[in-house]
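S.K.: Pasting a structure here, questions to come.
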Amino acid sequence: MTPSIAETMEYLRRSSPAQAEFYQAAEEVLGSLKSLLDREKRYEQHNIIHRIIEPERQIFFRVAWVDDRGCVQVNKGYRVEFNSALGPYKGGLRFHPNVTAGVVKFLGFEQIFKNALTGLQLGAAKGGANFDPKGKSDNEIMRFCQSFMNELFRHIGATIDVPAGDIGVSRREIGYLYGQYKRLTGRHEGTLTGKGLSWGGSRGRTEATGYGVVYFAENMLAERGETLAGKICTVSGAGKVSIYAVEKLYQMGAKPVTVSDSNGMIYDGRGIDLELLKRIKEVERGRLARYVEEHRGAVYTPVEDYPLGRNSVWSVPCQCAFPCATENELSDEDARTLLNGGCLCVCEGANMPSTQAAADAFLAAGIAYGPAKAANAGGVAASQLEMAQNASMLQWSFEEVDSRLKNIMQTIFRTASETAKEFGEPGNLVLGANIAGFRKVADAMIDQGVV
Ligand code: GLU
């Protein structure tokens, strides 16, 4: 008999202690599956639940490197290869001081369903290190990346496991990682995605997650007879996802009025100055506080002034909210504030940015709520397009990649929406995305036998 959700959660807590984010992600998915498991007994016969919550392989390694003062530093490196039923393991690397085995595991678990929803042949993995790139010199970043790859290279390959970026890992880090991979293996076959355009990267990859989140929101709104045009939007974060969500929001005629980083948040009632944001974050690699030096009319709120440690972005009244910073950045109180302020759409660019209580509040209110594993799948989908270009040794135009991305986001929305209807909960895209992603992976696991 299939163990109940409570029994499975109890087993997870006992067998993998101290992994709160992973329990949260697992509980959310398992909580959506009841009607599917009642209807389809084969998942129980093949013990799929127990198999899908257990990573196929977890690699934990030491990363020793020398800083600019000549001192040896040590960090923890991770790669969790979670599920390969649908294709080669695929997912990003996160470099951030908060990275732990539990964080990597939650991200890898989410990736299973996200990658399945894209409809592409992608397995799921996630990795990273508790390394803080902030304040490090280029040479320190390079030495860290080289040391990280000295272990990782033996586990990855173009048809085995294809890492990419995540928080703290973008073009610069991918370059150093790829350079070292090439030096160690002699192979130039696109084993990482998010590469530079002249050495195997894809046009549109940088923009893909941010653009994809906005395409997803546009699909959700269209079903309700609305569009983004003229909507006041709040965006958290100031990384790639946020910057390109802001860019696409402008293209859709919306007005994004906030962004935030780990030091504070900007509110600019005239609309965020995209060129300045790009200059501060992409060119200077600086802090958002600088924004108000050039725009005196904008308001900067440092984190010390946030009420009860909550991100002030969520107290700005808006019609659409785009949490694009990090996990659990949006609490149930934030959800209530947003709903009371008239918010009618929340679309997640970060992974698991809403706490379970916040997500429940959005669902109960019946607003358009796009959960991360559906709404932010544009990044990994464009990574697959990069893999396809590498395999054929061709490079597509920006328009080609962008139009495929748009279609993929529409297909993900339709799949989640139709699955929600099929299971009697129209509009519940959390349920729809979880069931649709799970069903695809579970069926492939059954086809491939007990391995
Ligand atoms: N880190 C991104 C995500 O969360 C992108 C992964 C990839 O491109 O492989 O999906």
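These residue numbers are counts, starting from 1, taken along the chain as shown.
Cβ from N, Cα, C; glycine included.
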S.K.: Where TrEMBL shows LYS90, GLN111, LYS114, SER383 binding substrate, which of GLY165, GLY427, GLY432 is named for the same site?
M.R.: GLY165
S.K.: Have a look around LYS114 (substrate binding site) and count the other CB atoms within 10 A of its CB, chains all included.
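M.R.: Excluding its own Cβ, the number within 10 Å is 28.
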S.K.: Among the recorded positions LYS90, LYS126, ASP166, SER383, name every one whose Cβ is found under 6 angstroms from ligand 1, counting any of its atoms.
M.R.: LYS90, ASP166, SER383
S.K.: Return only the integer: C-alpha distance in Å from GLY165 (substrate binding site) to THR209 (NAD(+) binding site).
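M.R.: So the Cα of THR209 (NAD(+) binding site) lies 11 Å away from that of GLY165 (substrate binding site).
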S.K.: Given a 10 Å Cβ-Cβ cut-off, pick out the one of the recorded positions LYS90, LYS126 that has the most other Cβ atoms nearby.
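M.R.: It comes out as LYS126.
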S.K.: Quick check: in three-state DSSP terms, what is GLY165 (substrate binding site)?
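M.R.: DSSP assigns GLY165 (substrate binding site) to coil.
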